[in-house]
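Participant: Quick one: structure below, then a few questions.
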Amino acid sequence: MKLKEVTEGKVRIFVPDPKEYMIEGKFDPSWAPVFYNPKMTFNRDLSVIVVSLLKPKIILDALSATGIRGIRYYVESWKSEQLILNDKNSTAASLIQINVKNNGIENAKIYNKDANALLYEIKSEYIDIDPFGSPVPFILSSVNATIRNGIVAFTATDLSPLEGSSRTSCRRKYDAINYKLSSSKELGLRILIGKIIREAATLEKTVHPLFSFYADYYYRLFAIVESGARKADENINKNLKYFGECPRCGFQTFVDENCKTKCPICGENFIIIGPLYIGPLHNMEFLKRMIDTYSDFNYLSSFNRIQKLLNVIEKEAKYKSVFYNISKLASKLKVSAIPPIDSILECLGDASKTHFAPTGIRTDKGYEEIIRCVKSLR
């Protein structure tokens, strides 16, 4: 395997040389013997900031590939007492050894095991699950391996089922009914969190989002793991419901499982999806700490993008409602000229943009008020 040295953040690692694995002039990271995707640098950059605030004693990266994520945590975030890196690919495990040594890390434990098998053997304060595709196969084992009040982090790149494009796949993987709706970018994240909560409950545990976001082609979630059947039951009863959208007028709301399914505005039957998580997507105290801290990481290649994301999330996080997609709402209302988002925000007064969609707004004001602004500004 021919290697190439790359720099990401403050570390230098060896990765398979992309030139050796091109097909007809194109390269996909999955074609190489060991997976390394430079397009996920933004994900790793933000994760470095999160881990720097958590300062876990033990960090476990269960699907390490080149080891880049765990190595960056140790070098840039926090020199944990123990760094555990694992990959079931023996070629990857050997490359991790090289990269750990190349970055002067002496206390790393490197495993060449199936991720689930390893997770049922050891416990950790921070566990990272960054798979190629869905994290579902690793939910039970990773939540089980996370100590009380520890953190588990998931990346999900299978947006097709989560956003409703592949309904049968969503039912199979996430045990949720799904359709492609106006706010599916956010609803997909909520379906993912809902699935994790239900899986954790079988272990008499539960999870609460610490920080989460959508970017490019994936969701990223950092969640606090709590123990206790009562806490698991409380979270399910309070924060797992369904979501309804009216296909005629665009009205949307969270609904109970056995509620009436007709739109209160126009009487059309709702399109119902779920179950999904309806609670806050971020811990506000932790979000404030992130905003107060991220400037310390101005060396990151995606620093400006991180700044923009956090600025938007800070504003939208206070609203409880799912965002409205103004472009799609205007289409349902037969409004040909979509008003500028900034004008709608000014009209509403108490509202914000959302990081989920450029034409989305988030507000706790009623549907009628949103419609009034959209129509008055056309």
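Quick reminder: no glycine exception, Cβ is built from N, Cα and C everywhere.
Since this is a predicted model, take the numbers as computed values, not measurements.
The feature domain 'Trm1 methyltransferase' is assigned by Swiss-Prot to 4-374, with sequence analysis given as support. If you look up Swiss-Prot, you'll see R44, R69, D87, D114, A115 marked as S-adenosyl-L-methionine binding site, on the strength of sequence analysis. Annotated Zn(2+) binding site per Swiss-Prot: C246, C249, C263, C266, in sequence order.
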Participant: Would you count the other CB atoms within 10 A of the CB of A115 (S-adenosyl-L-methionine binding site), including those on all shown protein chains?
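Facilitator: Neighbour count, Cβ to Cβ under the 10 Å cut-off: 23.
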Participant: Suppose we draw a 10 Å sphere around the Cβ of C249 (Zn(2+) binding site). How many other Cβ atoms does it contain, all chains included?
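Facilitator: For C249 (Zn(2+) binding site), the 10 Å Cβ neighbour count is 17.
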Participant: Spatially, which candidate from the binding-site residues R44, D87, D114, A115 is nearest to C263 (Zn(2+) binding site), comparing Cα atoms?
Facilitator: R44
Participant: On a C-alpha basis, identify the one among R69, D87, D114 that is nearest to C246 (Zn(2+) binding site); the candidates are the binding-site residues.
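Facilitator: With Cα distances computed to C246 (Zn(2+) binding site), the winner among R69, D87, D114 is R69.
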Participant: Any idea what the Cα distance is from D87 (S-adenosyl-L-methionine binding site) over to C249 (Zn(2+) binding site), rounded to a whole Å?
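Facilitator: Their Cα atoms are separated by 49 Å.
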Participant: Quick one: average pLDDT across the domain 'Trm1 methyltransferase' (4-374), no decimals.
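Facilitator: Computed over the domain 'Trm1 methyltransferase' (4-374), the mean pLDDT is 97 on the 0 to 100 scale.
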Participant: I want to check the contact list for C266 (Zn(2+) binding site): same chain, sequence separation of six or more, C-beta distance under 8 angstroms. What comes out?
Facilitator: C246, R248, C249, F251
Participant: Indicate whether C263 (Zn(2+) binding site) is helix, strand or coil by DSSP.
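Facilitator: Reduced to three states, the DSSP call for C263 (Zn(2+) binding site) is coil.
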Participant: Across the record's S-adenosyl-L-methionine-binding residues R44, R69, D87, D114, A115, the largest CA-CA distance in angstrom?
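Facilitator: Of all Cα pairs among the recorded S-adenosyl-L-methionine binders, the widest measures 23 Å.
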Participant: Could you list the residues of the same chain, at least six apart in sequence, whose Cβ is under 8 A from the Cβ of R69 (S-adenosyl-L-methionine binding site)?
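Facilitator: Within the chain, R69 (S-adenosyl-L-methionine binding site) has Cβ neighbours under 8 Å at R44, S47, D61, D128, D130.
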Participant: Within 10 Å of the Cβ of C246 (Zn(2+) binding site), how many other Cβ atoms can you find? Include all protein chains, please.
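Facilitator: Result for C246 (Zn(2+) binding site): 21 other Cβ atoms within 10 Å.
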Participant: Only counting partners 6 or more residues apart, tell me which same-chain residues put their Cβ under 8 Å from the Cβ of D114 (S-adenosyl-L-methionine binding site).
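Facilitator: The answer is K88.
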Participant: According to DSSP, does R44 (S-adenosyl-L-methionine binding site) fall in a helix, a strand, or coil?
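Facilitator: Its secondary structure by DSSP: helix.
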Participant: Reduce the DSSP letter at C249 (Zn(2+) binding site) to three states and note it down.
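Facilitator: In three-state terms, C249 (Zn(2+) binding site) counts as coil.
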Participant: So if I draw a 10 Å sphere around the Cβ of D87 (S-adenosyl-L-methionine binding site), how many other Cβ atoms end up inside it?
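Facilitator: The answer is 27.
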